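Peer 1: Sending over a structure as structure tokens; questions will come in a sec.
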Amino acid sequence: MAEASPAAANAELLEWPKKDKRRFLHAVYRVGDLDRTIKFYTECFGMKLLRKRDVPEEKYSNAFLGFGPEQSHFVVELTYNYGVTSYDIGTGFGHFAIATEDVYKLVENIRAKGGNVTREPGPLKGGTTHIAFVKDPDGYIFELIQRGPTPEPLCQVMLRVGDLGRSIKFYEKALGMKLLRTVDKPEYKYTLAMLGYAEEDQTTVLELTYNYGVTEYTKGNAYAQVAISTDDVYKSAEVVNLVTQELGGKITRQPGPIPGLNTKITSFVDPDGWKT
């Protein structure tokens, strides 16, 4: 039997992410005081501290927080590096988002606990969704979105990109995400796209924003990456490798086990340098 042509083999490989069981696992970022952030997230947002560990030989501690167990929910992984009290968030990272049934009540609670409210709760201009924005103690922005009951309250990671069409293509092809919707706001000079593995009210989504005419952003050293599950890290890396040749980005860690652990990972950056 004749072997499949390279083009046919590539086409088959590109179908793999759509069949793979994927979900957003966690977002990793750095904070200047771990206990302060844990206190803020648990008391103000209502997250639970899921686990915490200290690794003195590598001079860091980290903590996982979320609205449910890691096995079923998207969570945040906070990293504290010994002696480092502040980080540069940069201009590219946008915000995280939390869905709540009562944005007014949540903001009242955050304000009562000394939180920094940067946009008062109210409807979106020209829309019906009620939102607010707050900053955590390190300056990370959280959008609070009022919506009905949801299995995934930690619902968005927003990143700015230099070419929205290219980024949409990258996340669809390399990661098997679905484009859920795009919104163009010429009066505010931006376009955004929501991508994910299920509908917005059911899951965590990636919100990519393109500001007219801005092709590059600074990354800073605060936000690190998002993690996504896969059934086959080797096959997933093959797909990413293929897509980066067309659209840009690169694999930064070849697929394989983490030393001393059974977990297998691969890491890569997208065409804008955002890490997964």
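The backbone N, Cα and C atoms fix where each Cβ goes, and this holds for glycine too.
Below, the features straight out of TrEMBL:
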ACT_SITE  GLU143  active site, proton donor/acceptor
BINDING   GLU77, HIS95, GLU143  Zn(2+) binding site
DOMAIN    23-147  domain 'VOC'
DOMAIN    153-276  domain 'VOC'
Peer 1: Could you state the whole-number distance in Å separating the C-alpha atoms of HIS95 (Zn(2+) binding site) and the residue listed as 'active site, proton donor/acceptor'?
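Peer 2: Cα-Cα distance, HIS95 (Zn(2+) binding site) to the residue listed as 'active site, proton donor/acceptor': 7 Å.
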Peer 1: Express the distance between the Cα positions of the residue listed as 'active site, proton donor/acceptor' and GLU77 (Zn(2+) binding site) as a whole number of Å.
Peer 2: 18
Peer 1: Among all the protein chains here, how many other CB atoms are within 10 A of the CB of HIS95 (Zn(2+) binding site)?
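Peer 2: For HIS95 (Zn(2+) binding site), the count of other Cβ atoms within 10 Å is 18.
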